[in-house]
């Protein structure tokens, strides 16, 4: 519609990953395969933890939260992405774009804070084992879970607020396969220097600080592991290694995307694809392959339901 000779943008055109039809078909098949693994994999972890009375430790409670976040995160982007692969015109309304952006940052930040909580849990378990059951009691676990979900909500509200006050009256082509702050900001018909700085502070700097803090925490934990017996040391190192791998997979793409908002890189879409599709798949795979208790419980659960 026309208002004072300015066209108010009511929808965005997503340019997608590539313009090649053959490449789109290949990516469609690969993404569909990944997605069909992500959802069952994560829900299997949740169901396994809920159904096994032996998996009641805080570590498994937080692992269940992680699986839920991963499943939800992939659900925000992947289904629409698959539909767009089969559509000639990839259009998303302004409201749908803002909604997608909100849930992406809500769940993404929640997962980031969850990794911090899991690092705290491992620190208490390894560095203060005699006080572990007192500190990490069920009430504390639920409180920490509430805090991380609330933290993700606040972070997402800030991200959405950065977008809502911007005027969009010109170009409406988003050079991506989903709505995210860096691409949307570039379409605003006003100077966005301050907004991009705020985005760096809210997303990029926060991700970087959490990343460095987590690495420092696990460095301290690994140093303390030397005091454990051989059996305890092996299990602790395995758990910490798993967490460190997840940290790099989570924070690497996030830091790349949100600390460089002023310029676009050819690898941006590939990094975004990894962050939204590949990473949620890697979490359950890494945890189940490296955690003997979860693997044993999962095998038991599957055998019960397959041969009942």
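Cβ coordinates come from backbone N, Cα and C, glycine included.
Feature annotation from Swiss-Prot assigns disulfide bond to 97-189; the stated evidence is sequence analysis. Residues or ranges marked as N-linked glycosylation site in Swiss-Prot (evidence: sequence analysis): 5. The annotation topological domain 'Extracellular' is assigned in Swiss-Prot to 1-25, 80-100, 159-195, 259-269 on the grounds of sequence analysis. Residues or ranges marked as topological domain 'Cytoplasmic' by Swiss-Prot: 50-57, 121-139, 220-235, 290-308. Look at Swiss-Prot and you will find 26-49, 58-79, 101-120, 140-158, 196-219, 236-258, 270-289 tagged as transmembrane segment, backed by sequence analysis.
Local packing around the Cβ, expressed as the count of other Cβ atoms within 10 angstroms, is greatest for 97 among the disulfide-bonded residues 97, 189. Among the listed stretches 58-79, 101-120, 140-158, 196-219, the one sharing the most Cβ pairs under 8 Å with the transmembrane segment (26-49) is 58-79. Using a Cβ-Cβ cut-off under 8 Å and counting only residues 6 or more beyond its ends in the same chain, the transmembrane segment (140-158) has close neighbours at 58, 61-62, 65, 102-114, 116-117, 120, 198, 202-203, 206. Packing against the transmembrane segment (58-79) from elsewhere in the chain are residues 31, 35, 38-39, 42-43, 45-46, 49-50, 100, 103-104, 107-108, 110-111, 114, 117-118, 121-122, 125, 136, 141, 145, 148, 177-178, 239, 276-277, 279-281, 283-284, 287, 293-294: each is 6 or more residues past its ends and has a CB under 8 Å from a CB in it. Sequence-distant neighbours of the topological domain 'Cytoplasmic' (121-139) (same chain, 6+ residues past either end, Cβ-Cβ under 8 Å): 58-59, 62, 217-218, 220-221, 224-225, 228, 236, 239-240, 243.
With a cut-off of 8 Å between Cβ atoms, the residues of this chain six or more beyond the topological domain 'Extracellular' (159-195) that come close are 6-9, 11-17, 77, 80-81, 84, 90, 92, 94, 96-98, 100-102, 104-105, 202-203, 257-258, 261, 264, 268-269, 272-273, 276. According to DSSP, residue 189 (disulfide bond) sits in a coil region rather than a helix or strand.
Break the topological domain 'Extracellular' (159-195) down by DSSP state and the numbers are 14 helix, 2 strand, 21 coil. Residue counts for the topological domain 'Extracellular' (80-100) under DSSP, split into helix (H, G, I), strand (E, B) and coil, are 13 helix, 3 strand, 5 coil.
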